[in-house]
Amino acid sequence: MIYKLSFAIALCFSLCFDLSIAESYVLDDKIGLGRTFDGIGGLSGGGATSRLLVNYAEPYRSQILDYLFKPNFGASLQILKVEIGGDAQTTDGTEPSHMHYENDENFFRGYEWWLMREAKKRNPNITLIGLPWAFPGWVGHGKNWPYDFPDITASYVVSWILGAEQYHDLNIDYVGIWNERNFDSKYIKVLRDTLDKVGLTGVGIIAADGNWDVSNAMGVDPYLNDAVEVVGAHYPGTTTVIEALKTQKKLWSSEDYSTFNDEVGGGCWARILNQNYVNGLMTATISWNLVASYYEDLPFGRDGLMTAEEPWTGNYVVESPIWITAHTTQFSQPGWTYLQTVGHLVHGGSYVALTDSKGNLTVVIETMTHDHSVCIRPPLLPFNVTAQNVTFQLKGSFASIKELQVWQSKFDFKTKKPFFFKKLSPLKIYDGSFTLSLDVDEVYTLTTISTGQKGTYPDPPASGPFPKVYFDDFNVANPSFSEAPDFADQTGVFEYYINLTDPGPHVFTLRQVVTQMPVTWATDADQTISVIGDYKWQNLTVMCDVFMETVKTGGVFIAVRVDKGGQSVRSAKGVFFWVFADGSYKVTNDLVGKTVLAEGLSGTRAYGWHTLTLTVEGEYATGLLNGYPLWKNAVVLGPKNGWAAIGTHSFELAQFDNFAVEVK
Ligand SMILES: *[C@@H]1O[C@H](CO)[C@@H](O)[C@H](O)[C@H]1NC(C)=O
Ligand SMILES: *[C@@H]1O[C@H](CO)[C@@H](O)[C@H](O)[C@H]1NC(C)=O
Ligand SMILES: *[C@@H]1O[C@H](CO)[C@@H](O)[C@H](O)[C@H]1NC(C)=O
Ligand SMILES: *[C@@H]1O[C@H](CO)[C@@H](O)[C@H](O)[C@H]1NC(C)=O
Ligand SMILES: *[C@@H]1O[C@H](CO)[C@@H](O)[C@H](O)[C@H]1NC(C)=O
Ligand SMILES: *[C@@H]1O[C@H](CO)[C@@H](O)[C@H](O)[C@H]1NC(C)=O
């Protein structure tokens, strides 16, 4: 890389003594090729980042999926990575495991299966990856650690891959270890053996989805080295380490971006998509997250390639990262090869070039300035970018190219009139070279591929708040998804449940099903909780039928003004109205139940239905049990607003029915 950069500078010094003359860069395949391109992707999960997407009505849901996956339309993503749900909080929610319990198997929970099918429907060639963040408690035998019984953990992960194939006709291409947690060499080898034993020899292992350290271990352990197909690092800041290069494995930025998806986010994405290869020889980059489809007030709101966080209106926003992705994905496919002639531009910015080895050429240039391309992490050292004229000389197979298609994005922070992925007139090539006048904060694609398209749909419905009146009786005989619309589980898993022996109105309910603390990734609460609604809600009534299934020690709650979720769920405050199977009730100001606002006797028991009503207005809260006042005028000084919620006192089975909200 250093060689190429100094080459460009040397070329410049001989040619650009007059500043109006452009610096010159050579694009040549005859001096040898670079690494094989593996694609650009999005990550759904880690955690629950696509939660609200599934609840969009058609045609909006399909439109969003088209912007993400449909080839030659929008982002045209080449990789979809999903979380292998582990029943635990993994950033913005929990995702259900296919095995809540040791003797349990169900491959229809959650929405990742559906998402993979929809992606595959649009792009049959898309690469699929699964990675666990957390595991059900039984996998760890009660310890918060998945490696003590490597055979059990490996079988659990492999069963997910087999289920994908058996129930959804999905072939998983790669599987990871444990997201951003210590890897265990023995476990990686056991996982490889377990995959091979069931014939999944084609499923590659990515390790270790954290820093580059696994490459040190691979250097001294040939069996480990054999077991790993891709060294995947997170947020590498576009650089790699010598040990990783020495493995001679594919190097991927297997999770990156995680930046608010405004124009600076788009700039971050443009810079790292090029420079992850230029600086770090990484041949795939995967965005956390795929689509920001979770309540925006949860951690890392809107850190996705596009925004779809309003299933209740159908509103979604195609943000700039979608079009920045298209600059590469619409004009180069996995299996194409980078040229060795890639690098930095003399006055800042970078260029990559890829070929399909049939004579096609795609060049992507970015001139993102420092302040307009800062990613959430790691810190970005200062650098300067200025407007510049650049000449590219086409050599080798490309010498005879006569015309290139041109696509431009201009962030234009000055005039605030950015445009993205605009097709310009084709560029005629004379004498095998062309010159571009580059401004700062631009992205260009120059390519022999003529199939690019800026896909569009009519504007979606206008943005609007969550409805002020909401009701769900969970009466769905054949739900498409295991989760009820708009409930965002923050600890535990709440699923549709059918009790066919119930004689009355509670055949169809929503049931919390996690009965043991999972092997966690974040810090789950000791209680389970699912939030819903508008974070701005202040004055409202929530009503819900509840059914405890744990005698004596069971407990359930409904809540309003819940102010925290995601990784911070343990410290959630709000107004929580609990009833317990021992016949008592409590009103607390926090999820942990430390700050008690009211308490007393309720007569509530397990295995019977009770109706809870909670009203909060200003600084006063009131609770009804089965329609009769149980407590009133509890003083609530804070929080002033937050979501509504339901949940349980511990990891215990419990059911909820006829959930209703009315906001004043
Ligand atoms: C999938 O890949 C094959 C082989 O590379 C290619 O011929 C085909 O056009 C691709 N299909 C799509 C939908 O991209
Ligand atoms: C480029 O790709 C297109 C589409 O795959 C193909 O038809 C063409 O032969 C390739 N080569 C050149 C030099 O355009
Ligand atoms: C960027 O340019 C400014 C002004 O010319 C200069 O002071 C600074 O050292 C440059 N920074 C870098 C990282 O080159
Ligand atoms: C680029 O070239 C044009 C035409 O020769 C010249 O007017 C302009 O000043 C040059 N830009 C830079 C940044 O050198
Ligand atoms: C199912 O309904 C029957 C009849 O009301 C009740 O006895 C039983 O406890 C219910 N079981 C569950 C798990 O809800
Ligand atoms: C909630 O009620 C209080 C007291 O009645 C009032 O001051 C406040 O403005 C209300 N908030 C909203 C959003 O209506």
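Each residue's number is its place along the chain shown, starting with 1.
Even glycines carry a Cβ here, placed using N, Cα and C.
Taken from TrEMBL, the feature active site, proton donor/acceptor applies to E180. For E255, the entry in TrEMBL reads active site, nucleophile. The domain 'Glycosyl hydrolase family 59 catalytic' annotation in TrEMBL covers 37-330. For 338-453, the entry in TrEMBL reads domain 'Glycosyl hydrolase family 59 central'. Per TrEMBL, the feature domain 'Glycosyl hydrolase family 59 C-terminal lectin' maps to 489-662. Here TrEMBL flags 1-22 as signal peptide.
Reduced to three states, the DSSP call for the residue listed as 'active site, proton donor/acceptor' is coil. Across the domain 'Glycosyl hydrolase family 59 C-terminal lectin' (489-662), the prediction's mean pLDDT works out to 98.
Secondary structure from DSSP puts E255 (active site, nucleophile) in a beta strand.
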